[in-house]
Amino acid sequence: MREKYAIRRKQALLLIIDSILPRIKLVKALLKTNISDDETSPREKSQVNSKGSSDFCVKNIKQAEFGRREIEIAEQDMSALISLRKRAQGEKPLAGAKVVGCTHITAQTAVLIETLVALGAQCRWTACNIYSTQNEVAAALAESGVSVFAWKGESEDDFWWCIDRCVNMEGWQANMILDDGGDLTHWVYKKYPSVFKKVRGIVEESVTGVHRLYQLSKAGKLCVPAMNVNDSVTKQKFDNLYCCRESILDGLKRTTDVMFGGKQVVVCGYGEVGKGCCSALKALGAIVCVTEIDPICALQACMDGFRVLKLNEVVRQMDMIITCTGNKNVVTREHLDRMKNGCIVCNMGHSNTEIDVASLRTPELTWERVRSQVDHVIWPDGKRVILLAEGRLLNLSCSTVPSFVLSITATTQALALIELYNAPESRYKQDVYLLPKKMDEYVASLHLPNFDAHLTELSDEQAKYMGLNKNGPFKPNYYRYERGFKTPHIDYD
């Protein structure tokens, strides 16, 4: 009996070793490529994928295998997007579409890009944030034939160079734009006006980018239809709220190892992102207060149990300051000067304009990099302020975000592209539109099977009584699924 037991143990151990060894080899290979190539700018390297193409610029094409594993893991929790890919793959609704995209380049975004390719689109892609790119994922996309120009830690010059390389390709002209933040749209509008005029549609997913689109529209300079995905229900109520509720804690823990219990925290902005951040921090015992310009959002914060104050009233006492407004100069040098030693400052909005980081780059202040994406800014008296990701988006710069929530946003983006690309010319004018309610509901329905959820169906009598179609839409366009109304976009400049 003992001999049989020993043999079984040995067999089980061998099986475990066999399953682990390939992963160990992969990690070793990744470490070797990271060590050997960290110092060389990708712009100075000549790289070719296995198909012989060099139409890309990534950190190291040799990381592609590791990136492919990351994408496969993300696909497991993005079943709705994969379902959309399978349903529409035969029809090729994006055949002929030439999509130029500027988003975070992560495993989850790669699933979206490969879905667009499967639906018939040609794609060229770059990153909307200089810190959020997963190098191995960018390599995997380049290996699969997607023209990607992005790597983690780009300079500002690199950032705009990558955008230009995406747009300026001989013999290839974009007819669709998928943007996150508006930088790509701005670049095409300014540098390539002839291309901009021929674009059939723009899909934008961020507060900042949507604000810029509304400015163009108001000035009469938006000559193509644009879809505001950021204010779609599926983006606002899931990505902005639930994603940030989880990823704010992940980003702060990874960078600072901070304990939240008893910490004094101020969250600037109580929109959907702010709500998610406040909810998560409060649940872990932090003492949270809020700053707001909108009386309705301020009242929501009060009813949720948060004090609403001005930043200059509480800045001296705070252990942590988090911005999520989409505005600029929310935290100024005056605020930073008054912060206490060890205060953590970070941003959960898309743009790096919310914290006045430029004002900290002066001779009297010392910057000390203590770990990746964590800087101690030291004042002459020895006070240290802990700045995360140089004021850029915390969660995607310093951690990761849940694949399931990004599946909701990515499915919404894919449907918006399909809608704009295939719509007759008379359907959309040169303006900014919200995603049709029916599409919002379709995106939500694709994700319900993950929870084994079963929708109740209206009877004919009930549908007639409510004045609804049994198949939806079930809410009017002005219904926003929230406790208050969203304030209109305001030009702060």
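Cβ coordinates are placed from backbone N, Cα and C, and glycine is handled just like the others.
Over in TrEMBL, the protein carries these features:
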{"type": "BINDING", "residues": "THR106, ASP180, GLU205, LYS235, ASP239", "note": "substrate binding site"}
{"type": "DOMAIN", "residues": "240-401", "note": "domain 'S-adenosyl-L-homocysteine hydrolase NAD binding'"}
{"type": "BINDING", "residues": "GLY271, GLU272, VAL273, GLY274, LYS275, GLY276, GLU292, ASN395", "note": "NAD(+) binding site"}
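For the pair GLY276 (NAD(+) binding site) and LYS235 (substrate binding site), the Cα-Cα distance reads 13 Å. All protein chains included, GLU292 (NAD(+) binding site) registers 23 other Cβ atoms within 10 Å of its own Cβ. In this structure, the C-alpha atom of GLU205 (substrate binding site) lies 14 angstrom from that of VAL273 (NAD(+) binding site). The maximum pairwise C-alpha distance among GLY271, GLU272, VAL273, GLY274, LYS275, GLY276, GLU292, ASN395, the residues recorded as binding NAD(+), is 22 Å. Here the domain 'S-adenosyl-L-homocysteine hydrolase NAD binding' (240-401) returns a mean pLDDT of 94 for the predicted model. Nearest Cα neighbour of LYS275 (NAD(+) binding site) among the listed binding-site residues (THR106, ASP180, LYS235, ASP239): ASP239.
Residue annotation for substrate gives THR106, ASP180, GLU205, LYS235, ASP239. The furthest Cα pair among them is separated by 18 Å.
The binding-site residues listed here (GLY271, GLU272, VAL273, GLY274, GLU292, ASN395) include GLU272, VAL273 as those with a Cα within 10 A of the Cα of ASP239 (substrate binding site). Cβ-based crowding with a 10 Å cutoff singles out GLY274 as the top-ranked of the binding-site residues GLY271, GLY274, GLY276.
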